[in-house]
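> One structure is given below, represented as structure tokens, and several questions about it will come after.
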Amino acid sequence: MSKTYHFIGIKGSGMSALALMLHQMGHNVQGSDVDKYYFTQRGLEQAGVTILPFSPNNISEDLEIIAGNAFRPDNNEELAYVIEKGYQFKRYHEFLGDFMRQFTSLGVAGAHGKTSTTGLLAHVLKNITDTSFLIGDGTGRGSANANYFVFEADEYERHFMPYHPEYSIITNIDFDHPDYFTGLEDVFNAFNDYAKQVQKGLFIYGEDPKLHEITSEAPIYYYGFEDSNDFIAKDITRTVNGSDFKVFYNQEEIGQFHVPAYGKHNILNATAVIANLYIMGIDMALVAEHLKTFSGVKRRFTEKIIDDTVIIDDFAHHPTEIIATLDAARQKYPSKEIVAIFQPHTFTRTIALLDEFAHALSQADSVYLAQIYGSAREVDNGEVKVEDLAAKIVKHSDLVTVENVSPLLNHDNAVYVFMGAGDIQLYERSFEELLANLTKNTQ
């Protein structure tokens, strides 16, 4: 029997994906959010899911209510009304923890690479067998007949603790979310607690000594480039068309693979997926076949070409992610100037990682910075400004605004890499409009 679900904060990346998945499984789905456009709403609108403005009038006792993790009674009128009336509701991660028990579940955790790896795993498995999935780019697929469920496990505020998957990949650990985690040890403890809940197999990046401290009742398989790992990527060829490599398990070759993706991090992500599916007994020939057709996930190295100008959009908002994205850009466009346009995301992260951001951005040939995008969870107390970051970058750097991105035109034969988790896409759109207007004026 179908239920009616109401999502408080339906435009959130995880929430929108879950809403789409439940909609495809035959349930009635609606939700509420702010009026501001967010990239996830396109998929919801295409599916015919109703998006309402926040209002207590949206709430009734017969609804199954799922609330986004950022919302509290003091900042959301709907949640305040739900609590006042004594209605039942679940947080996103609580609902997901219960929901996934009906499937064989495959989680992807890690400080970086979660969304890309989840997308790759879901793409391969859904093309082999009926699979439901939930990806952090706002994409979800639900099937009532699916045996498998692939999902992204978010470490922020330990939201992944309700999850008890059969299998999980852990791509890496790194210090991030300084508004919540106290340091790297706190991050490690969260991942270690999550790992203990995995039931049948853990697939962990093997070249980080800290990750070798993770313990679990489930068997642990390490993957990477070095011979000390269980699953090893070897004979790697990186070209402008992607990456080719072989994977060995216990020193025996299990297949040759190609991924149409760029950067060493994507070879590691693919190796993790291959390892997980190999241990599950999935045919490696089928895995190789479907790896070749992966087209990526939203806002992860998303490319477009406007009048011969290459523009890349990426969600990178941590120094490690910036380095990986710029490495990927250099692999695909080795003869072009790499121009980075970056919007720092949250004041707390910018303060905590200021030197690391400067080092990462200095891997580009030129850097342009947008004003810091503050989180709804914090206030700007003036401790850090984007100019502080600009002063530490060793390459040419400048500031841009949405109203004036014309300094970006001072480059020939360039690739423009827009990075950030805030509203960096507004800057990208502004640049695209500028290019379009220039073309019109020269015709």
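We number each residue from 1, going along the chain as drawn.
Heads up, the Cβ atoms here are built off N, Cα and C, so glycines get one too.
As listed in Swiss-Prot for this protein:
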type	residues	note
BINDING	Gly110, Ala111, His112, Gly113, Lys114, Thr115, Ser116	ATP binding site
> Most Cβ neighbours within 10 Å: which of the binding-site residues Thr115, Ser116 is it?
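The largest 10 Å Cβ neighbour count belongs to Ser116.
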> Let me know the DSSP-derived helix, strand or coil state of Lys114 (ATP binding site), please.
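Once the DSSP labels are grouped into three classes, Lys114 (ATP binding site) ends up as helix.
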> Over all shown protein chains, what is the count of other CB atoms within 10 A of the CB belonging to Lys114 (ATP binding site)?
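So the number of other Cβ atoms within 10 Å of Lys114 (ATP binding site) is 24.
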> Around the ATP site (Gly110, Ala111, His112, Gly113, Lys114, Thr115, Ser116), what further same-chain residues have their C-beta within 8 angstroms of the site's C-beta centre?
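My list of surrounding residues reads Val108, Thr117, Thr171, Asn172, Asn269.
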> Which residue, of the binding-site residues Ala111, Gly113, has its CB surrounded by the fewest other CB atoms within 10 A?
Ala111
> Can you check which residues sit near Gly110 (ATP binding site), meaning Cβ under 8 Å from its Cβ, same chain, 6 or more apart in sequence, and list them in order?
Thr117, Ile169, Ile170, Thr171, Asn172, Ile173, Tyr205
